[in-house]
Amino acid sequence: MLSRHILMCSRVGFTPSTSQAVFHTSAVNSVLPRAKPLDEEMPLASPKKPRPDTQILDLSGKRHKKDIDIIVGDQYLQQWYKMETKNLAADYLALCKSKLSLFVASTATCGVLMAPVPVAADSLIAATVGTFLLSSAANACNQLLEAPYDAQMRRTQTRVLVVHRFSPLHAFTFAGVTGLTGIGLLAYYANPLAAALGALNWFIYAGVYTPMKRSHIGCTWAGAVVGAIPPLMGYAAATGYLDPAAWCLATILFSWQFPHFNGLSWNLRGDYSKAGYRVMCVTNERLCRVTSLRHSVALLGLCSIAAPLTDLTTLTFAIDSLPVNAYLVYLSYKFYKAPDAKNSRKLFFYSLLHLPLVMLLMGISNYGRNEQQKEHISDRISNGYNKMVDSVKSFSL
Amino acid sequence: MSSISSSSSNVRMDRRFDWVGPPDNLSKIRKIMLRRVDNESELERQYRLAREELNQWNSDFWAEHNQLFDRQKSDFVERKQQELGRLEHVSANELSEFYRDFLNDRHVAMMAYNKEWYRRNLQLIWPALKVNVVRFFRMARR
C-alpha cells in the first residue's frame with residue numbers, strides 16, 4: 001500500500017520524505033529524470049566462485065636449490081610475472097601519460113603563437129618540449145603517489161606502477177630527471193619567468209592537486225589552475241612578461257577544465273567513491289552540473305568579449321568561436337538538466353574537440369602579428385568595397 | 001600441456017628475480033616478492049622487508065575498505081529496492097546519495113591512511129637509493 005503511494009508520488013515528482021532534516025536534497029534528486037545506473041554499478045546477484053586453476057611449474061634453465069627460496073602459496077602461478085619492463089620506452093610514455101602531456105604541450109605552443117611578438121624558434125621549441133617534460137614529471141609524481149588508489153579504479157588499474165613494471169625509485173628518478181631538464185630548458189632557451197611558472201605548475205599538480213583529491217572538493221579548481229598555467233608558460237617564454245591577453249588565454253583554459261572534467265568523472269562516480277576521491281560529482285552533484293554550465297557560459301563571454309577586448313585576438317575570433325562555444329553551452333545545459341551516462345560522455349568528447357578548435361581559431365585570428373585585421377571592421381568593409389569598384393572600373397575600361 | 005593441480009600447494013619461485021602477483025580479489029593490490037642474494041646485507045634485507053610489508057599493509061587496508069563498500073552498497077540497494085517496490089529500479093541519482101554518504105563516513109579513516117601511505121612511501125626512497133648504490137658496487141666488483 002505504502003509502496004504504491006510512494007510510486008504515485010514519484011511519478012508526480014517528489015518523494016514523501018521521512019527524514020527529520022529541515023534541509024535535505026532528496027527532493028532535488030527526485031526532480032531530475034531517473035537515470036539508469038551503469039551495469040557495473042549494480043551489485044551482482046551472486047558472486048562468482050573462483051575455480052581452482054591448474055598450475056604449471058616454471059622450470060627454466062639450471063638452478064641450484066638455494067636459488068629457489070620464495071614460497072608462493074596460491075593457485076595462480078602462471079599469473080605471477082617478473083617485475084621488469086618488456087619495452088622501456090612504452091612504459092616511460094605510459095608513466096608520463098604521453099597523450100595528456102602532448103595535449104598540455106600543445107596548449108603551451110598556442111601560448112607562444114598568441115604572443116604579440118614574431119615567433120622565435122628557440123622559444124617555441126623550448127616552451128613545447130619544456131612543458132612536455134614538466135608535465136611528464138608531474139604525471140610521474142602523481143602516479144607514484146597514487147599507485148594503490150589507481151589499483152582500485154577500472155580506468156587506471158593497468159598503470160605502470162600498479163602493475164609494478166619498475167620500482168618507485170625508478171619512477172621518482174624519471175620524474176626528477178624530466179622535471180629538472182624541463183626547467184633547465186625553459187630557463188636557458190626561453191626565460192626564467194617561464195621556468196618559474198613551470199616549476200610552480202609541477203609543484204601545484206604533484207603537491208597540491210594530488211593530495212587534495214583525497215581531502216577536499218576544491219581539488220577540481222586546483223586542477224583547473226594546473227591546466228591554465230601552460231599557456232602562460234608559452235606566452236612568457238615568447239615575450240618575457242604576462243599581460244592581460246595572457247591572463248585571458250589562461251582563463252579560457254581554466255574554464256574549459258570544468259565541462260571537461262565533470263563530463264569525464266560523472267560516469268565514474270562509483271569508482272571514485274570506492275577509491276576515496278572527493279570530487280564534485282560524488283560529494284556535491286548539483287555543484288558539478290552547475291559549474292559545467294557556468295563555465296561553458298563563461299567561455300562564451302571570454303572568447304567573444306574578453307579576447308578581443310584584451311587584444312588577444314581580433315574580432316573575427318569573437319564571431320567564429322560563437323558556434324563552437326554555443327554547442328558546448330547546449331551540451332552543458334543538457335547535462336545540467338538530465339545528468340546521465342550519455343549526456344556526460346557527449347559533453348566530455350565534445351570538450352576534447354572544442355579546445356583544439358578554439359586554439360586553432362585563436363591562432364588564425366591572432367592580434368599581435370596580424371596587421372591587416374587590426375583595421376576597424378567598418379574601414380575594412382569600405383576598403384574592400386573601394387577595391388572591388390576599382391577592379392570593376394579597370395576591367396571595363 | 002602437463003599440469004599439476006592442487007588446491008593449496010606452496011610453490012617455490014626463483015628468488016633471483018622480483019616477482020609481481022595477480023591482483024588480490026578484494027583489495028586489487030598485487031602482491032610483490034623482491035629479489036635477494038645469499039650475502040644480503042642488513043640494509044638490503046630491511047629495505048626489502050619494508051617494501052613488501054608496505055605493499056601488504058596497503059592490501060589489507062583496501063581489502064577491508066572494499067568489503068565495507070560492497071556490503072554497504074548491497075544493503076543500500078536492497079533497502080531502496082524494498083521502498084520502491086517491484087516496478088521501479090534503483091536509479092543512478094539514488095545511488096549517488098549512497099556514494100556521497102559513504103565518502104563522508106570514511107573521510108577520517110581515508111585521510112589517516114593517505115597520510116600514512118605518503119609518509120611511508122616517501123620514506124622508502126632514501127633506503128632504496130642506498131640499496132641501489134650497494135648493488136651497483138657489488139655488480140661492479142664482479
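Glycine too: its Cβ is placed from the backbone N, Cα and C atoms.
Note that TrEMBL annotation is computational and uncurated.
Quick look at what TrEMBL annotates:
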TRANSMEM  A:100-119  transmembrane segment
TRANSMEM  A:125-145  transmembrane segment
TRANSMEM  A:166-187  transmembrane segment
TRANSMEM  A:193-212  transmembrane segment
TRANSMEM  A:219-238  transmembrane segment
TRANSMEM  A:244-266  transmembrane segment
TRANSMEM  A:287-309  transmembrane segment
TRANSMEM  A:347-368  transmembrane segment
Proximity of the transmembrane segment (A:193-212) to the transmembrane segment (A:244-266), 3+ C-beta pairs under 8 angstroms: no
For the transmembrane segment (A:244-266): best-contacting stretch of A:100-119, A:166-187, A:347-368, by Cβ pairs under 8 Å: A:347-368
Stretch in A:100-119, A:219-238, A:287-309, A:347-368 most in contact with the transmembrane segment (A:125-145), if contact is a CB pair under 8 A: A:100-119
Distant-in-sequence neighbours of the transmembrane segment (A:219-238), which means Cβ under 8 A and at least six residues beyond its ends: 104-105, 107-115, 117, 119-120, 123-124, 126-128, 130-131, 135, 138, 186, 190-191, 193-194, 197-198, 200-201, 204-205, 208-209, 212-213, 245-247, 249-251, 253-258, 261-262, 278-280, 291
Long-range environment of the transmembrane segment (A:287-309) - Cβ separation under 8 angstroms, sequence gap at least 6: 217, 220, 248, 251-252, 255-259, 262-263, 265-266, 280-281, 315, 317-319, 321-322, 325-326, 328-329, 331-333, 335-336, 339, 347, 358, 362, 367
Long-range environment of the transmembrane segment (A:100-119) - Cβ separation under 8 angstroms, sequence gap at least 6: 127-132, 135-136, 139, 227, 230-239, 245-246, 249, 253, 311-313, 355-356, 359, 362-363, 366-369
